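Structure first, commentary second.
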Amino acid sequence: MEPLISAPYLTTTKMSAPATLDAACIFCKIIKSEIPSFKLIETKYSYAFLDIQPTAEGHALIIPKYHGAKLHDIPDEFLTDAMPIAKRLAKAMKLDTYNVLQNNGKIAHQEVDHVHFHLIPKRDEKSGLIVGWPAQETDFDKLGKLHKELLAKLEGSD
């Protein structure tokens, strides 16, 4: 199979640890070095690389080496590994302002069905992630009821 992108600076080394992957997933193919990437950091549980369709210079993706479409599908040890990598990348890029973004599901703007975290530098008002959503008026009675319901559900969960 011919690589999608070919350049001498792309990484195609074998991954550092076995993982639960999906043969059809583009991110799993990157982890397995079937597709080259601009790899930045690789650990036993995670793989970080530069996004090839960046929102800003330095836009990176951090992906668990475990295939799962949604955050709740991923074992904790893989999730625990991701944020220190985001921190390390932000420090390496000397970022004072940035976004860490993670979407779950198509209508939540997830484009690849493999959990991933975006580290998006925000160097000025026009570059990087531009977010705007309508804030709702707070109904404190409704919010209090939701709070109690969630606490009850959390009591019986991990």
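Using the three backbone atoms N, Cα and C, a Cβ is placed for every residue, glycine included.
What you see is a predicted model, and the numbers here were worked out from it, not measured in a lab.
Taken straight from Swiss-Prot:
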- H116: active site, tele-AMP-histidine intermediate (ACT_SITE)
- D51, I52, N103, H109, Q110, E111, H116, F117, H118: AMP binding site (BINDING)
- 26-129: domain 'HIT' (DOMAIN)
- 114-118: motif 'Histidine triad motif' (MOTIF)
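The Cβ of N103 (AMP binding site) has H109, Q110 as same-chain neighbours under 8 Å, each 6 or more residues away in sequence. The DSSP breakdown of the motif 'Histidine triad motif' (114-118), given as helix, strand and coil counts, is 0 helix, 2 strand, 3 coil.
Cβ neighbours of H118 (AMP binding site) (same chain, under 8 Å, six or more residues apart in sequence): D51, T55, H59, A60, L61, N99, V100, L101, Q102, L129. H116 (active site, tele-AMP-histidine intermediate) counts 20 other C-beta atoms within 10 Å of its own C-beta, drawing on all protein chains shown.
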